[in-house]
Amino acid sequence: MLLALVYGTILLHRRQKLLIPWYWYLALVFIDVQGNFLSIRAYQYSYITSINLLDCWTIPWVMLLTRFALGTRYSFWQFVGAGTCMAGLSLVLLSDSNSPDVQDASKRPLLGDVLIIAATFCFAFSNVGEEYCVKKKDRIEFIAMLGIFGVLVTGIQISLFERKNLETINWSPTMISLFTGFVIAAFVFCTISSFVLKMSGSTMFNLSLLTTDIWAVAIRIFFYHQKVHWLYYLAFAVVAMGLIIYSLNDSSSDDETAASTTETTTQYEQLSSEETGGANLDWQNRKHQDDDHTCQAPQDNGIDLV
């Protein structure tokens, strides 16, 4: 609702038609909402280690979708950077595995794993769609439609599936403050993520999100006063290294693409000029031959020129 109020107002002030039909925005928002719903629901059935591990599937989904949907090409070193980031996240999971969780009989890990895998595909589809909207069309329009149709989709789903849970909430000052803080954080996240997707793309965006688990270390240390395994610090360094490898080669690949495009354009211009020059030369030769033939014809026919 906050996204709809802020960015919707800006969109109305522009008084311009939508660059993308509204039903495409509705479909994209519906997929995004389902991804959030499935990922949160997965925590009810599975363990955090399994969820974080399977959440990495967003990256290959995104790389696959951007390759076929947007025509994005990835170099060998970009795959190395992505693999390095996933290796860093595996170190986080290895650290978590050293602290065994208490087994809960109410857990259904297989169902939770299926839910999080489905959520990763929804997130990948949503990120690729958002990348297309913010790069090819208009960023403000997309965020406004995300807020407007997000209110519609979530409102319907809450009324159908979670109305009783909503009624049981004790709206104390603490609970209101927590919801307010979450809304502000989500608003800032949606705003900044649109810039990241426009500048770097959905693959780099999801690779950067792998650091979310690393930033949780600060919360564990300073807020919960818990000890952190040394593998967390190693994981942070590995993930940062992977991001640097990917981003550097992402820039170089863009330069190569631009250079290739410039070279192709230059060759085309040279070819066009050569063809034009050759055509002019042929026309001049034919003109000279016609003039010579005209001058020689009267002599051959024996006609006197007066």
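Each position is counted from 1, following the chain as shown.
Heads up, the Cβ atoms here are built off N, Cα and C, so glycines get one too.
Database features (TrEMBL):
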| type | residues | note |
| --- | --- | --- |
| COMPBIAS | 258-276 | compositional bias 'Low complexity' |
| COMPBIAS | 284-294 | compositional bias 'Basic and acidic residues' |
| REGION | 256-306 | region 'Disordered' |
| TRANSMEM | 22-39 | transmembrane segment |
| TRANSMEM | 76-95 | transmembrane segment |
| TRANSMEM | 110-128 | transmembrane segment |
| TRANSMEM | 140-160 | transmembrane segment |
| TRANSMEM | 175-197 | transmembrane segment |
| TRANSMEM | 204-224 | transmembrane segment |
| TRANSMEM | 230-248 | transmembrane segment |
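Within its own chain, the transmembrane segment (175-197) has Cβ neighbours under 8 Å at 2-3, 6, 127, 130-131, 134-135, 139, 142-143, 146, 169, 204-205, 208, counting only residues six or more beyond its boundaries. Here the transmembrane segment (110-128) has Cβ contacts under 8 Å with residues 28, 31-32, 34-36, 38-39, 41-47, 50-51, 54-58, 61-62, 64-66, 69-70, 197, 202, 205-206 of the same chain, all six or more residues outside its ends.
Away from its own ends, the transmembrane segment (140-160) comes close to residues 1-8, 10-11, 14, 18-20, 22, 25-26, 29-30, 32-33, 37, 130, 133-134, 166, 190-191, 194 of its chain (Cβ-Cβ under 8 Å, at least six residues beyond either end).
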